[in-house]
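Chemist: Supplied in structure tokens, the structure appears directly below.
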């Protein structure tokens, strides 16, 4: 068995590949061994562009940002050219005009392996929960405490929020669908990666017949630049994420999430947390705490060691290029 850091660097960099008959390598964390599960060369790559201001695009423009500072559309097209044997999905959402939707069609026609997937066309209902149930569960929890231990201010807020749920909008998913900030982006990224291959197959797009609905996907932010084919990837228990490092302090990020199967239990754990809190965050809770729960991370472990264990990096990906420019939002 190899150390977690060495296995991840060695295999993610695509410098070796295990044969079909070779036993899988294993890595350990918190006293438990995990197989380095393969993510094969047919696994689709997924990008995402949720556009809060579609009116900023001119006539004949694909409504995905493509400026000198933020060449996101060019990065997606470049990935499609390099990974020409993979399906490249782009999950999109926004109040697009008819003409802008035609531009998406033109993009698909010009690059046959690019598939535009509209968020509203994907069935995410299996991941939903009534907002009223979330509020009621939190209210009942507060009410179960002795009177001296209750947070009466919070209890009042919860009751007020419960009353203010709009008619016909009693849905966790619908509440995020109406947002136009980073949590809008982050929440549906989590659901898309949970669906994995099913995100591609259920939309009926041509060219997706070789994708298994139970398979995984490789999610990359549009500021991640692919420079060559990724090959076969390996991840502990079939999941890994991008890790940022600033002044030797590491942190889990959601700019890249790779999974070998749909409904990965680490992301399901994060979704369970999202469904239990009224103030949950799709990045901190849905990804970070979900991973920690799944892999039994606690404050007793070294956080940097955990980040090394779960890190996705690849010699053929230049990550997080937008860190050098201002936000595109």
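Just so it is clear, glycine is given a Cβ too, placed from its N, Cα and C backbone atoms.
Just lifted these from Swiss-Prot, have a look:
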- 13: N-beta-linked (GlcNAc) arginine (CARBOHYD)
- 48, 49, 50, 72, 219, 220, 221, 222, 322, 327, 328, 329: UDP-N-acetyl-alpha-D-glucosamine binding site (BINDING)
- 53: N-beta-linked (GlcNAc) arginine (CARBOHYD)
- 159: N-beta-linked (GlcNAc) arginine (CARBOHYD)
- 223, 320, 322: Mn(2+) binding site (BINDING)
- 253: active site, proton acceptor (ACT_SITE)
- 293: N-beta-linked (GlcNAc) arginine (CARBOHYD)
Chemist: At the level of the C-alpha atoms, what whole-angstrom distance separates residue 320 (Mn(2+) binding site) and residue 221 (UDP-N-acetyl-alpha-D-glucosamine binding site)?
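Modeler: Approximately 8 Å lies between the Cα of residue 320 (Mn(2+) binding site) and that of residue 221 (UDP-N-acetyl-alpha-D-glucosamine binding site).
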Chemist: Check the DSSP secondary structure of residue 293 (N-beta-linked (GlcNAc) arginine), expressed as helix, strand or coil.
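Modeler: It is helical.
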Chemist: When you rank 48, 50, 53, 219, 322 by Cα distance to residue 293 (N-beta-linked (GlcNAc) arginine), which of the recorded positions ends up on top as the closest?
Modeler: 219
Chemist: Can you tell me how many other Cβ atoms are located within 10 Å of the Cβ belonging to residue 221 (UDP-N-acetyl-alpha-D-glucosamine binding site)?
Modeler: 21
Chemist: Please report the three-state DSSP label of residue 320 (Mn(2+) binding site).
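Modeler: DSSP call for residue 320 (Mn(2+) binding site): coil, neither helix nor strand.
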Chemist: Provide, as an integer number of angstrom, the distance between the C-alpha atoms of residue 223 (Mn(2+) binding site) and residue 253 (active site, proton acceptor).
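Modeler: Spelling it out, the Cα of residue 223 (Mn(2+) binding site) and the Cα of residue 253 (active site, proton acceptor) are 14 Å apart.
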Chemist: Have a look at the recorded positions 53, 159, 253 and say which one has the shortest Cα distance to residue 322 (UDP-N-acetyl-alpha-D-glucosamine binding site).
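Modeler: Nearest candidate: 253.
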Chemist: Using Cα coordinates, what distance in whole Å links residue 48 (UDP-N-acetyl-alpha-D-glucosamine binding site) and residue 253 (active site, proton acceptor)?
Modeler: 15
Chemist: Cβ distance under 8 Å to residue 219 (UDP-N-acetyl-alpha-D-glucosamine binding site), same chain, sequence separation 6 or more: which residues?
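Modeler: Set apart from residue 219 (UDP-N-acetyl-alpha-D-glucosamine binding site) by at least 6 residues yet with Cβ under 8 Å, we have 45, 46, 47, 48, 189, 192, 193, 256, 257, 258.
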